[in-house]
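Student: Annotation source Swiss-Prot lists N-linked glycosylation site at N48, N105, N136, N782, N818, N834, citing sequence analysis. The Zn(2+) 1 binding site annotation in Swiss-Prot covers H152, D164, E224. Feature annotation from Swiss-Prot assigns Zn(2+) 2 binding site to D164, E199, H297; the stated evidence is similarity to another entry. Among the features that Swiss-Prot reports, site 'Transition state stabilizer' is placed at Y296.
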Amino acid sequence: MARYNPFSFTPGPVVFFTTVIYVGLFAALLVTHLTVPDYPSDPPAGINLTEAWADLEHITRRFHPYNSHANDHVREYLLSRIQGIVATKHLDGSQVEIIDDLTSNATFSSGATSVYFEGTNIIVAIRGSEDDEPFNSTDRRPNNGGVLVNAHYDSVSSGYGATDDGVGVVTVLQLLSYFTESHNWPKRTIILLLNNGEEDFLNGAKAFMRNPISRVPHTFVNLEGAGAGGRATLFRSTDTEVTRFYSKSKYPFGTVVSGDGFKKGLIRSETDYRVFHSDLGLRGLDIAFMEPRARYHTVEDSTRETSMNSLWHMLSAALASTSGLAAVTGEEFSGSESLDNGRVNAGRGSDGVWFDLFGRVFVVFQLHTLFALCVTLLVVAPITLIGLTFGLSKADKNYLLARKAFVYSSDDDNPVQLYGWRGFFRFPIIFISATAVVVALAYLLVRFNAFIIYSSPFAVWSMMLSAWFFVAWFFSRGADAMRPSALQRMYALIWLFIGSFVLLTIVTVFVNNYQVVAGYPALFYFAVVFVAIMLSYLELFFAPTKSAYARHFEHDANSRRNSDSASRPLTGSTTAARSDDRPVADDDATEITSLLRGDRRGFTRYGSRRDSASEGGEDQAQGSQRLDLGNVYPGEQEWSGKLPSWIWIIQLLLLAPLVIVLVGQVALLLTSALYQTPSDGNSPLFIYLAIAALSVLLLAPTGPFIHRFTYHVPTFLFLVCLGTVIYNLVAFPFSRDHRLKVYFVQRVNCETGANTVSLTGLDSYVQRIVGELPSAQDQPLNCTTPDVATRKELKTCEWEGLPAKVVPNAAGAAPFGNETNTGRWLEYSIHKGNRSNKATMLVVGLNTRACRIVFDSPISGLAVTGAVSDPRFKPVGAAGSREVRLWHREFGQPWNVGLTWDAEEHAKLSGRVVCLWSDANTGSIPAFDEVQHYLPVWAIPSKISDGLVEGFKRFEI
């Protein structure tokens, strides 16, 4: 009785090991992605997590956007906390300096928008032990630079800002406490920045650039939030050298794919990272929360939805990164020359590739290393396989694509059939069929339930994965049952090699030409496929030579010439030899041969030259050899019996784990980043196609082994596929835990008192939502495409809403309705000089510190009284400005704005003066309160722009 081999290439081991590897690694990836490591019971000296959580609860009690009174209260609290921390450490001004910056302002432009902003930043400078220069010196600074740690303390008008950016703010407070401990004192100067105004246009970071201390740091750590809890990921990094310091974190998390997503605009939101790197010239990191996006900028961005574990995850990452950067005393982050464009010369880093492994290990290497490895593999791998093919041919063991072998000579009219072609085209046909099914499912979802991904991303993933696997198994198993082939595994690997070669070539081009490195998994994918196929080539050296096999066949044919079993095929349904059943030469089946064709034989073969020679040539028969062909898998070619039966498991261990980990990590990150972006106007089709493509990449390594699977696992997956298809097609796409985000704004004509409330959201759903609001009932809805460029896929529905009460009476400070007093909400006056293309406009809004001037035609010049010129900033862009945004640090203060325009093209300058109100804490915006109260449980409001209420008046010069 043959001994059972638990590692042989038979159904039992294949099903067991493949299932264990895939299920185990999928589970490990999901646990890493969906859970957060526990915070320590004994944190490092200087860190107090209980205190940090109390700070977070305090600053997130109310909405606190820049344009709100609650924002001032948060600022006062943070100043008092900073002063308290410094006081308890008994530090003087030479060691730690607190800068209450109420003087810096910035005037700049972006596209057709100009901004004048007055900052209210809080800056704390901890002098490094090896830095002696004064903090604010403009000509003497630390040669090796300092480290900037930034978070913004303003929230949006529709959210409490727990993770955006409350956790970042309390992290900065804890870093202040930590680094002012004597045993933790940094070698390099650390600048802690709590900036105000990030949510509105990255204004706070721009104002920081106007402070002389902004020239001290050369590196930075930016702390942000675009979700509500979970792990803080490394969103992006400027270079490899800086990223290595993040790798010291105990729980690193992230991949360079997110950085490329920012570069290519897949992630639309921006952070202060852009200002610090692109405008100021610093090198650093962007650490941020990223999901769930449905809670981003809503009331669910609160302490209830996050945790102390999440707080510790960001804090520990910031602590490790800052500690490492602050310990560098060399010239790594200093350029050799000073720059005359106002930027800091922080040296030049190298583009990098980085990713974590299960949230514990962080891999970092340079882009040029990736490129070199890609090119090397693309050259070495084909040459190696060509060499192995040549070696097999020299050894007479190249059964690949071999159709027949000759006993005597090539003109033998009845050669031995080898069936080397069998199975060659099988894998691409199966691969294309299975891939077509998952792509079709993507289009099916878009057609019938496009937004199910919003609440059920893992149902979509389960559908795609189970569909691809079942279809691939069905065709593979069917083909194997009809025409078994010992080369099916090897041919599948050859096709995987070809496909991954093409993929790596594309990735290499993008790496070299565009510095896009998100395709880094392709390098490892191709590498493991190359090693696996190389093992299959080496495996063939264990096969008998084709000539010896043919002689064995001839000897057996002579000995059993008169057997009655002359019609059996030349494959091993048992381990016994079947060499007497030689098919004729034209019986070599391929993938395009009919499956119903039998082994046709005629009497002519018995009159062939070989028969005559065998009957009369005793010498030849005596010279022939009988081979031990080993254990042939039932139905497969007899020459394969001596091939090692355990090579497959090495190939599986090469292919599956690395592909699952690297591709699976990218898949989870992209899912988290994109699955709730349709509410922002993103196309769901792109998301479904991305999931389909990643499903194929994840399961393609099963292709060489899938034909050995029994029906049990595929049947289970078929039922999973069937259930998830039905669910994904009929389930409602939103829920209490995954609310559809809709965008609110109220516009008031301050001249007529007319007000319009609008909600912007997904077509058909936003109409249902508005229909449930009492103020909108029995009113005709006007639903149009929004004028916001990034939300063209959405619909805006307008109706006459509840009057806003954003300006209190001067005497009793009681609110009043807009039907009588809106004319006083904002005032403007225009003074036109002697020149026809110049004018000065005085603008003031009551109970606000944010107004705008929107022009019907562009202006060419802008000068705001109190603004300071900065060569780094241009007040007006090259194509002019159509909008000027004005921000004051005090409520109700006027702006004096000088305007210049092209009088030849536009004799008159016209437009609107708009003032904004963003404070939803006091009940002064009843329409917003109504939306929050009456919205269905599956929807949630957010702000669409800087203000919740916009009051306007027309003007003409």
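Using N, Cα and C of the backbone, Cβ positions are placed for all residues, glycine too.
Predicted, not measured: the structure shown is a model, and the values here were computed from it.
Structural setting of the listed features?
Tutor: N48 (N-linked glycosylation site) falls within neither a helix nor a strand when secondary structure is assigned with DSSP, and so counts as coil.
The DSSP secondary structure for N105 (N-linked glycosylation site) is strand.
Listed in sequence order, the residues of the same chain lying 6 or more apart from D164 (Zn(2+) 1 binding site) and placing their CB within less than 8 Å of its CB are S155, V156, E199, E224, G225, A226, F289, Y296, H297, D301. Annotation note: D164 (Zn(2+) 1 binding site) sits in a helical segment as assigned by DSSP.
Taken residue by residue with DSSP, Y296 (site 'Transition state stabilizer') is part of neither helix nor strand, so it is coil.
The Cβ of N782 (N-linked glycosylation site) has 11 neighbouring Cβ atoms from other residues within 10 Å, across all protein chains displayed.
In sequence order, no residues are near N834 (N-linked glycosylation site), counting only same-chain partners six or more apart with C-beta under 8 A.
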Student: Here's one to test understanding: among the recorded positions N48, H152, N782, whose C-alpha is closest in space to the C-alpha of N105 (N-linked glycosylation site)?
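Tutor: Considering only the listed recorded positions, the nearest one is H152.
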Student: Using the recorded Zn(2+) 1 site (H152, D164, E224) as reference, state which further residues of the same chain have their Cβ within 8 Å of the centre of those residues' Cβ atoms, listed in sequence order.
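Tutor: Surrounding the site, in chain order, are A151, G161, T163, D165, G168, E198, E199, L223, G225, A226, T271, D272, A288.
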Student: I'd like the number of other C-beta atoms within 10 A of the C-beta of H152 (Zn(2+) 1 binding site), please.
Tutor: 30
Student: Measuring Cα to Cα, how many Å separate N782 (N-linked glycosylation site) from H152 (Zn(2+) 1 binding site)?
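Tutor: About 37 Å separates the two Cα atoms.
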Student: For H152 (Zn(2+) 1 binding site) and N48 (N-linked glycosylation site), determine the Cα separation and express it in whole Å.
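Tutor: Cα-Cα distance, H152 (Zn(2+) 1 binding site) to N48 (N-linked glycosylation site): 21 Å.
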Student: Compile a sequence-ordered list of residues in the same chain as N48 (N-linked glycosylation site), six or more apart from it, whose Cβ lies below 8 A from its Cβ; state 'none' when nothing qualifies.
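Tutor: Long-range Cβ contacts: Q174, S177.
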Student: Give the sequence-ordered set of same-chain residues, not counting D164, E199, H297, with Cβ within 8 Å of the centre of the Cβ atoms defining the Zn(2+) 2 site.
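Tutor: Everything else in range on the chain: S155, V156, G159, G161, D165, G225, Y296, D301.
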Student: What is the number of other Cβ atoms found within 10 Å of the Cβ of N105 (N-linked glycosylation site)?
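Tutor: Other Cβ atoms within 10 Å of N105 (N-linked glycosylation site): 21.
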